[in-house]
There are 2 protein chains.
Amino acid sequence: MAKHKKQPRPKAVTPKGFRDYFGAEVTRRADMLARIARIYHRYGFDALETSGVETVEALGKFLPDVDRPNEGVFAWEEDGDWLALRYDMTAPLARVAAQYRNDLPSPYRRYAMGPVWRNEKPGPGRFRQFYQCDADTVGSASMAADAEICAMLSDVFEELGLGGDYIIRVNNRKVLNGVMEVAGIGGPEHEAERGIVLRAIDKLDRLGEDGVRALLGEGRKDDSGDFTKGAGLDDEQAGVVMGFMGALGADGAATLANLDRLVADSEVGREGVDELRQIADLLAAQGYGPDRIVIDPSVVRGLGYYTGPVYEAELTFEVTDEKGRPRQFGSVAGGGRYDDLVKRFTGQEVPATGVSIGVDRLLAALTMKGRFDDAEDGPVVVTVMDKSRLAAYQAMVSDLRKADIRAELYLGNPKNFGNQLKYCDKRGAPFAIIQGEDEAARGVVQIKDLKLGARLASELSHEEWRDQPAQFECRLEDMVSEIKARLG
Amino acid sequence: MAKHKKQPRPKAVTPKGFRDYFGAEVTRRADMLARIARIYHRYGFDALETSGVETVEALGKFLPDVDRPNEGVFAWEEDGDWLALRYDMTAPLARVAAQYRNDLPSPYRRYAMGPVWRNEKPGPGRFRQFYQCDADTVGSASMAADAEICAMLSDVFEELGLGGDYIIRVNNRKVLNGVMEVAGIGGPEHEAERGIVLRAIDKLDRLGEDGVRALLGEGRKDDSGDFTKGAGLDDEQAGVVMGFMGALGADGAATLANLDRLVADSEVGREGVDELRQIADLLAAQGYGPDRIVIDPSVVRGLGYYTGPVYEAELTFEVTDEKGRPRQFGSVAGGGRYDDLVKRFTGQEVPATGVSIGVDRLLAALTMKGRFDDAEDGPVVVTVMDKSRLAAYQAMVSDLRKADIRAELYLGNPKNFGNQLKYCDKRGAPFAIIQGEDEAARGVVQIKDLKLGARLASELSHEEWRDQPAQFECRLEDMVSEIKARLG
C-alpha cells in the first residue's frame with residue numbers, strides 16, 4: 001500500500017439534489033405504498049415494475065438531431081446506445097404496452113410504484129430522485145375507466161384515514177375545446193390562440209381571474225414589467241372561456257346544465273359534457289357522492305396535456321403556509337385521459353387513462369394529520385455490565401425478540417456504562433435492561449424505564465426524582481412479560 | 001404535425017440486459033422483502049434508503065487517471081462531476097456511515113433493500129438491474145455482532161417457511177491467515193503466494209480438491225490447455241492449507257479442536273479460532289443448534305474479501321440441474337466482517353459486519369418450494385351484456401370490491417361477448433358475472449364458475465359437460481355472499 005501515491009480522500013456526500021432516507025422515513029412510505037397497492041389490487045390493477053433504465057429512444061421527448069439528449073433526464077452513452085433513467089412511470093408504460101401488446105390483457109390495468117429521476121435544478125424540497133405511484137388503464141375508451149380511477153383514488157384516501165379531508169374534482173378537455181369553438185377560435189387557423197388560452201387558464205391558481213382574463217385579451221404585464229402577449233380575444237369571447245371555469249353549480253346537475261348551455265353549439269363540447277355526465281352517473285351508482293368526487297370545471301391543471309376527462313385530488317384540511325397564513329393542503333394526485341400512449345411505437349391510437357399520486361406530498365399530509373403510529377419504535381436495549389456474561393445477555397435479547405419485542409444487545413465497547421445509556425437515548429429505547437454480578441447471582445434484572453425517567457426528570461425536582469427512580473427489579477423469567485405489559 | 005419530417009418509429013424494447021416484472025413477480029418479491037424487513041426491524045436494524053445515484057468519487061473502485069470510469073458500473077458526467085448508479089448496498093453504506101458519523105448511533109445497525117445496477121455482460125438469468133437485501137452492523141468489533149447476523153438470517157429462513165431446508169456455515173479469515181503462517185507463507189515476502197492460495201481455495205467448488213491442490217503446488221493446466229501458475233507450496237505446506245478446509249469435525253467442539261491443533265503456532269490463527277468459539281457459544285445460548293448454524297471451515301467463498309468471520313447460507317433441498325441431475329439448491333446469502341468500510345473517507349478504521357441476501361435466488365427457491373399462495377388471484381369480472389346498463393354493472397363491481405373481493409368491470413368494447421370471455425380467461429378470473437335484460441328484470445345474475453368450467457371441460461365428455469354447466473343463477477342481493485363462499 002505504501003507504494004501508491006497518496007490520493008486525497010473522497011468526499012462522503014450525496015450528489016447534489018439527492019438525499020438519504022432513514023428509518024421511519026423509509027418504513028412509513030413503504031407502509032403507505034403497500035396500503036395503496038392493496039386498493040389498486042382489489043380494483044383489478046396488476047403490478048408492473050420496469051427497470052430504472054430505458055433506452056433514450058423508447059423514452060422519447062428528445063431532440064433527434066443533437067448529440068447529447070437535452071436537459072431533464074440523466075442519460076449516457078453505452079456501446080453506441082443512449083440510455084437514460086426514467087423520468088416518470090408513463091413513458092415506460094407506453095413502451096411496455098407496445099412491446100407486449102399481444103400478450104397483455106386488453107384493457108390492461110396496471111399500477112407502478114417506484115423512484116423516478118429528473119435532471120433538474122434542485123430546490124427546497126425538490127429532489128432529483130423521488131417516488132411516483134401511478135395507476136393506468138390502457139385500451140379502454142369507456143368513461144367507466146375514468147370513473148373507476150376516481151373511485152379508486154377515493155378509496156385510497158379513505159383507507160389512509162383521510163375520509164372527509166379530501167375532494168376529487170373532475171373536468172373535461174373536450175368541454176374546453178367546445179368552449180373554444182363557441183368562442184370562435186376552434187378552427188385550425190386559431191391554433192396559436194388556443195395555445196395561449198390553454199397556457200393562460202393553466203395559470204388560474206397563480207394569476208387569479210384578472211390575470212387570466214388579461215392573457216385571454218391583449219396580454220399581461222407582470223410585476224417585473226415583462227409583457228406576455230395575450231390571445232387577443234374580445235370581451236365576449238373571453239367571457240365564454242371564463243364562463244367555463246366558473247360553471248360550477250349548486251350541485252352536479254346544475255353544473256352539467258351550465259356546461260350544456262355553454263357548449264350547446266359545439267359537437268365536441270356536447271360530447272365532453274356527456275362524458276362528464278356518464279362519469280357522474282357511474283359514480284353515483286357506486287355511492288360516491290359530491291362530498292368525495294365532484295364535477296368541477298374550475299380544475300384546469302393538465303387540461304393542456306390530457307385529451308378527455310381530467311381529475312385532480314386535493315386535501316382540504318388546513319395547514320399554515322411559510323408566511324403563517326392558513327391555507328388548504330392542496331393537490332396530492334392528478335390524472336386524466338390521453339390517447340397517444342402507444343402511437344409513437346405502433347402508429348395505432350390506444351386510449352388510456354390514469355392517475356399519479358405525489359408520494360412525498362401524500363406522506364407529508366399523513367404525517368401532519370398524525371396518521372402514523374408514533375408509539376415508541378426504539379428497541380429495548382440489553383446493556384453489558386460484565387463482558388464475561390455476554391452469552392447470558394444475548395439470550396435475554398433473544399427471548400425478547402422471540403416475543404416479537406424489538407430488542408438489541410449493546411454491541412459497542414462496554415467499558416463506559418454512561419456511553420451505553422447515551423446509546424439507549426439515541427436509539428429512543430423505551431427500556432434498558434441491566435444485570436450485574438449481584439443481580440445475576442440473585443436471578444434478577446434491573447429494568448430502567450427510560451421514557452418515564454425522562455418525564456420524571458423534566459417534571460420533578462431532583463429530590464422527588466431521586467425518590468421515584470424509574471427503575472425496578474424483576475425476576476429474569478418475568479422480564480419479557482414485564483416489558484410486554486409496559487409496552488402496551 | 002404534417003410539417004415535420006417523418007421519423008422512424010422508436011423500438012419498444014427493454015435495454016439489453018434489463019427486464020420487466022409483471023403482477024405476481026412484483027408482489028411476491030415485495031411480500032418477501034416486507035417479511036424480511038419485519039425480522040430485521042425486530043433485531044433493531046433501521047431502514048436506510050439511499051438514492052440510486054452516487055458520485056463516482058464516493059463509490060470508489062475506479063481508476064483515478066482515466067477519463068472514463070472503467071467497466072462494471074453505469075456512469076456519466078454531469079456538469080463536470082461523474083455520477084454513477086450504485087452497484088451494491090455496501091458502498092452507499094460506507095458513504096452514509098462517514099457522512100453522518102456524528103449523528104448515527106454507534107454501533108449502527110441498518111438494513112437496505114432495493115435495486116442495484118451492474119454494467120456487465122448480461123447472460124441467462126443475469127440482469128443488469130437486480131435487487132439486493134442487506135443488513136450490516138457498523139462500529140462493533142464484538143463477535144456478538146457477527147453471531148447476531150447469523151441468528152437473524154436463520155430467523156428469516158424460518159419466517160419464510162424454509163425451516164429444515166437451510167444451513168448457515170461460518171468460517172473465519174483469521175484462521176486461514178494462521179494456517180498460512182503455519183505453512184510458512186505468513187511474512188510480507190510471501191504476499192504473492194498468499195494471493196494465489198486465496199484465489200485457489202476460492203475455486204474449491206469449481207475445481208475440486210485436486211484442482212486446488214495443484215494450484216497450491218506447481219500450478220494447473222485447465223481443459224483448454226492454459227496453465228495457471230501455482231503458489232509453489234510443497235506437499236507438507238499444501239497439506240496444512242487443505243487440512244484447514246477439511247477440518248469439519250463430528251460436532252462444533254471437534255471442529256474447533258481440529259482448528260486449534262492446526263493453528264496452535266499462530267497468534268492470529270488462535271485469535272480466529274477463539275472468535276469462532278465465541279460465535280458458537282453466543283448462538284448456543286440463544287438456541288441456534290448446528291442443524292441451523294454450523295462452524296464449517298470448508299466455507300471458502302469470500303475469504304479473500306473479508307477480514308474476520310465469514311458466513312454463507314445454503315438451501316439444502318434438492319433441485320434438478322439443467323442436465324437433469326439432482327443437486328442442492330445452494331447459496332442464497334453470504335457475508336462477513338470487513339474493517340475498512342469508512343476508512344477511505346475518514347482515515348479511521350471502523351469495524352463492520354454484514355450479510356447480503358440474493359433476492360432473486362431466494363424468491364426462486366420459495367417459488368420452487370410452493371411457498372406462495374397459488375390460490376386464484378384473478379379478479380371476478382362483471383361482463384357487459386347491455387351497454388345501457390353500465391351503471392348497474394359498475395355497482396355490482398363496487399359491491400364486490402367493498403366485500404374485499406378483487407373485481408373488475410369489463411372495460412373493452414362489449415359488442416363481442418366472446419371477447420369478454422377470452423378476457424376473463426387471460427385475467428385468470430375465477431368467476432364471470434352475466435346479467436342480460438331478462439335477468440335484470442328478474443333481479444338475478446348468472447355466475448359462471450370459470451375454474452370449474454375449465455376442469456369439467458377437460459375431464460368430462462362433451463355430453464356430460466353440457467349437463468353440468470358450471471354456471472348458476474342467483475339473486476342479485478346474494479351475489480357477493482355466493483362468490484365469497486365459493487372463493488373460500
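Including glycine, each Cβ sits where the backbone N, Cα and C put it.
A TrEMBL annotation is a machine prediction, not a hand-curated record.
Here TrEMBL flags B:Asp88, B:Met89, B:Thr90, B:Arg118, B:Gln132, B:Asp136, B:Arg301, B:Tyr305, B:Tyr306 as L-histidine binding site. In this structure, B:Tyr306 (L-histidine binding site) belongs to neither helix nor strand by DSSP; it is coil. Taking all protein chains in view, 21 other C-beta atoms sit within 10 angstroms of the C-beta of B:Tyr306 (L-histidine binding site).
The annotation domain 'Aminoacyl-transfer RNA synthetases class-II family profile' is assigned in TrEMBL to B:1-379.
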### Message
Sequence gap of 6 or more, Cβ distance under 8 Å: name the residues on the same chain that satisfy this around B:Asp88 (L-histidine binding site), in order along the sequence.
### Response
B:Val116, B:Gln132, B:Ser356
#### Entry: Cβ atoms near B:Gln132 (L-histidine binding site) (within 10 Å, other residues, all chains)
19
### Conformational class of B:Asp88 (L-histidine binding site) under the three-state DSSP mapping
coil
### Query
Far apart in sequence but close in space: which same-chain residues, 6 or more away, have a Cβ under 8 Å from B:Thr90 (L-histidine binding site)?
B:Asp134, B:Asp136, B:Leu341, B:Gly354, B:Ser356
### Query
Residues with Cβ closer than 8 Å to the Cβ of B:Arg301 (L-histidine binding site), same chain and 6+ apart in sequence?
B:Asp202, B:Asp205, B:Val310, B:Glu312, B:Ser331, B:Gly334
